[in-house]
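Student: Have a look at the structure that comes next, please.
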């Protein structure tokens, strides 16, 4: 009679296999090791294979995005060596990272080189060559970007559309664009975001150091801005989201720039700018305006005629000091009828320029003279 033992063993093994729990995604993910990628395609294809991604000396082909979208929760991305992008006219972005609880950082000598000079023609996004935006930090939630050194972006450097994102000690160096035709090289463009903290940033460029177009609970501290258009809110109005609320710029310097502090809203649009603080801002070498708040932007340019559809309320301007050029205006405020309310100004000491006689509808608590 055949032995039943093998049958028993098979049944036992089969039962054990059925009883064993399936490995969870979290367990599987935690077991994965560091992966080092040296080409963009493999990095994009295999980005969910590791908990720690190292990008080493990658050259991204022309017209392609280094795509790290939809990373696994908790992933760390580290740039090593030089990351470069080859030239092609297109909209970009050159780099995209998204996910939750993501850390983006680099080794001490790494450079993210956008090769912007190949696109620069003095036109920026207003014409000439089609230029790609550099880094989309969109849907990069509960995350941190730390210590990146970004050089020569074709146009705007970092576009932020995220919630609860910390950006610390990032350098954006587009200073070569001063002599080579850089234009619209914004440092940080923030839209439709909440709880964004930027500390210790250094921005050398030819447009806004920071531009907040919409969003709430945004904090910028310890920044060093030079060559551009200053610390800006707006233009607000005419977008899907037209609210900017609870924004603080503090303990920062703006030098060799067109403006120091700026808020601008769109003519005949609607929206809200509320609970805004500029505190301890040091200015030097400002060519146009030390402080400028105006409600007259149309098709990207000021018209001199304000409207009141966007309200600007609860604004604190304190301890803004320094110098502007002799033909610059120290303070310029152009509000619509009744749309600017509840402002306070204190500790304003801006010297070297002119006092504007063209201010309109200046709210109680503010002044165009010192």
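Cβ coordinates are placed from backbone N, Cα and C, and glycine is handled just like the others.
Swiss-Prot feature annotations, pasted as is:
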- 35-50: disulfide bond (DISULFID)
- 209-225: disulfide bond (DISULFID)
- 335-340: disulfide bond (DISULFID)
- 359-368: disulfide bond (DISULFID)
- 246: N-linked glycosylation site (CARBOHYD)
- 162-192: repeat 'PbH1 1' (REPEAT)
- 215-235: repeat 'PbH1 3' (REPEAT)
- 244-265: repeat 'PbH1 4' (REPEAT)
- 273-295: repeat 'PbH1 5' (REPEAT)
- 307-352: repeat 'PbH1 6' (REPEAT)
- 1-19: signal peptide (SIGNAL)
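Mind running through what each feature is packed against?
Tutor: The secondary structure of residue 35 (disulfide bond), as reduced to three states from DSSP, is extended strand.
Applying an 8 A CB threshold to same-chain residues 6+ apart, the list for residue 209 (disulfide bond) reads 186, 187, 188, 201, 203, 223, 225, 228, 229, 230, 231, 232, 254, 257.
Non-local neighbourhood of residue 335 (disulfide bond): 293, 294, 295, 306, 308, 312, 360, 361, 362, 363, each in the same chain, at least six residues away, with C-beta under 8 Å from its C-beta.
Within the same chain, the residues at least 6 positions away from residue 359 (disulfide bond) whose Cβ sits under 8 Å from its Cβ are 331, 332, 333, 334, 368, listed in sequence order.
For residue 246 (N-linked glycosylation site), the same-chain residues that are 6 or more apart in sequence and have a Cβ closer than 8 Å to its Cβ are 216, 217, 218, 274, 275.
Within the chain, the repeat 'PbH1 1' (162-192) has long-range Cβ neighbours (under 8 A, six or more residues past its boundaries) at 116-117, 120-126, 137-153, 155-156, 198-215, 218, 225-228, 239-241.
Tertiary neighbourhood of the repeat 'PbH1 3' (215-235): same-chain residues 174-175, 178, 185-187, 190-209, 241, 243-266, 273, 276, 278, 281, 286, 297, 300, selected by CB-CB distance under 8 Å and a gap of 6+ residues from either end.
Same-chain neighbours of the repeat 'PbH1 4' (244-265): 208-210, 212-237, 271-295, 297, 302, 310, 312, 315, 317, 320, 322, 324, 350, counting only residues six or more beyond its ends whose CB sits under 8 Å from a CB of the stretch.
Sequence-distant neighbours of the repeat 'PbH1 5' (273-295) (same chain, 6+ residues past either end, Cβ-Cβ under 8 Å): 230-231, 233-234, 236, 243-265, 267, 302, 306-308, 310-325, 328-336, 339-340, 348, 350, 353.
Look at the repeat 'PbH1 6' (307-352): DSSP puts its residues at 0 helix, 31 strand, 15 coil.
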Student: Please report how many Å separate the Cα atom of residue 340 (disulfide bond) from that of residue 50 (disulfide bond), as a whole number.
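Tutor: Answer for this pair: 51 Å between alpha carbons.
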Student: According to DSSP, does residue 50 (disulfide bond) fall in a helix, a strand, or coil?
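Tutor: Coil, per DSSP.
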Student: By the DSSP assignment reduced to helix, strand and coil, which category contains residue 368 (disulfide bond)?
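Tutor: It is coil.
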Student: Within the repeat 'PbH1 4' (244-265), how many residues are helix, strand or coil going by DSSP?
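Tutor: Output for the repeat 'PbH1 4' (244-265) reads 0 helix, 19 strand, 3 coil.
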Student: Quick one: give me the count of other CB atoms within 10 A of the CB of residue 35 (disulfide bond).
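Tutor: A count of 16.
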